[in-house]
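J.: Annotations per Swiss-Prot:
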| type | residues | note |
| --- | --- | --- |
| ACT_SITE | 174 | active site, proton donor |
| BINDING | 10-72 | NAD(+) binding site |
| BINDING | 151 | substrate binding site |
| BINDING | 173, 210 | Mn(2+) binding site |
């Protein structure tokens with residue numbers, strides 16, 4: 001059970017506590033949630049960044065939460081009830097190699113953090129980091145609940161369980177939320193019914209992270225799959241943009257043409273953004289992103305975004321201000337509240353397969369809905385993936401398992417086999433080996 005005696009003495013350990021993204025979202029959501037309070041221990045390899053978040057956090061909300069930068073994992077984790085992990089494995093310079101070095105071989109990636117050459121190399125960087133985190137949780141906070149936001153989600157979460165089998169960990173991702181919003185807008189357009197919240201769209205979710213699928217969807221007991229079939233056929237060529245979004249104006253937006261195309265092929269609704277979906281299978285998407293109306297996200301954009309967030313950090317500190325007190329749209333705080341006994345929640349999480357996805361390997365990290373209540377996360381039986389999707393997902397699961405094992409055992413040969421087996425690596429073996437070695441060399445130098 002948890003260490004807490006009352007809901008005003010909660011301890012959250014934040015690994016990656018210098019984050020200017022996920023950590024600030026948590027601060028925002030905690031600042032408007034009046035159900036609980038306590039301490040947030042901020043641990044980061046960049047201690048100065050954690051100290052800055054301490055200052056900003058302590059100016060956020062009405063003082064219910066005390067933020068403290070700490071210098072060691074032990075200090076962060078000791079007596080923690082909840083552990084949050086959101087780190088960048090390596091640096092943006094490393095990610096520049098992940099995403100852009102394969103372009104010399106004609107391999108283009110829209111994100112490069114999950115699969116493809118970039119996802120595999122990033123995974124190899126992440127494995128020893130997550131192994132260390134898992135051991136520290138085992139030693140200092142074995143009863144805590146762990147929420148991981150770091151990509152590659154499946155590999156990172158798998159390593160947590162491999163190193164500490166008794167861990168209570170879930171991986172959380174917001175990609176499904178965007179598909180719920182798409183379905184909500186479809187209901188309004190096609191049926192003339194306003195959907196107040198995307199959560200009101202009930203979905204059966206299954207697959208692996210960033211390659212997740214919806215096989216059932218409903219609103220007020222209305223079956224939405226036949227309606228989506230018409231919707232997809234109508235917008236398959238032109239695309240459909242969510243209200244307030246324009247795919248040309250943001251590297252994170254799309255017109256859902258990839259999702260519509262995959263639905264026409266496999267008969268289930270892809271529940272991730274087009275940028276992620278496109279990387280899981282070979283085909284025309286990454287060769288012609290503008291035709292399919294999504295973007296390849298350059299690392300130059302991420303570096304510019306980081307610079308702007310650093311400026312915002314300094315501004316908040318000088319002005320002695322905290323984060324904006326508004327909901328981030330993430331579900332982390334609601335998950336924490338449910339785990340602490342403050343209600344129940346059904347949402348999508350990544351956990352070892354215990355049979356919740358019938359036709360994917362047991363113990364592989366799969367994404368499905370789960371029922372969350374006090375000190376319990378129960379995956380919901382979600383059935384089987386369509387056969388064609390199963391074949392695609394199984395290949396990536398094999399690669400993810402190989403990357404986790406290769407990283408833990410330092411088996412370069414196994415790592416290369418996973419690299420060569422990725423669907424985006426459609427080049428000669430000799431070229432693939434040279435690319436792999438060059439990317440691996442960059443890891444060793446970083």
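Every residue number used here counts from 1 along the chain in the order it is shown.
Using N, Cα and C of the backbone, Cβ positions are placed for all residues, glycine too.
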J.: Please state whether DSSP places residue 174 (active site, proton donor) in a helix, a strand or coil.
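T.: DSSP call for residue 174 (active site, proton donor): coil, neither helix nor strand.
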J.: Of 66, 174, 210, which of the recorded positions has the most Cβ neighbours inside 10 Å?
T.: 210
J.: Could you state the whole-number distance in Å separating the C-alpha atoms of residue 210 (Mn(2+) binding site) and residue 174 (active site, proton donor)?
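T.: Pair distance, Cα basis, whole Å: 10 Å.
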J.: Count the Cβ atoms, other than its own, that fall within 10 Å of the Cβ of residue 58 (NAD(+) binding site), considering every protein chain shown.
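T.: There are 17 such Cβ atoms around residue 58 (NAD(+) binding site).
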J.: In whole Å, note down how far the CA of residue 151 (substrate binding site) lies from the CA of residue 10 (NAD(+) binding site).
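T.: Their Cα atoms are separated by 27 Å.
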J.: Here's one to test understanding: among the binding-site residues 18, 34, 42, 50, 58, whose C-alpha is closest in space to the C-alpha of residue 151 (substrate binding site)?
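T.: Considering only the listed binding-site residues, the nearest one is 18.
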J.: Just how many other Cβ atoms lie inside 10 Å of the Cβ on residue 34 (NAD(+) binding site)?
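T.: Total other Cβ atoms inside 10 Å, all chains included: 9.
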J.: Cα distance, residue 173 (Mn(2+) binding site) to residue 34 (NAD(+) binding site), nearest Å?
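T.: Between the alpha carbons of residue 34 (NAD(+) binding site) and residue 173 (Mn(2+) binding site) there are 24 Å.
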J.: Hey, does DSSP put residue 34 (NAD(+) binding site) in a helix, a strand, or just coil?
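T.: Assignment for residue 34 (NAD(+) binding site) reads coil.
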J.: I'm trying to understand the geometry here, so how far is the Cα atom of residue 173 (Mn(2+) binding site) from the Cα atom of residue 18 (NAD(+) binding site), in Å to the nearest whole number?
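T.: Computed Cα spacing between residue 173 (Mn(2+) binding site) and residue 18 (NAD(+) binding site) is 20 Å.
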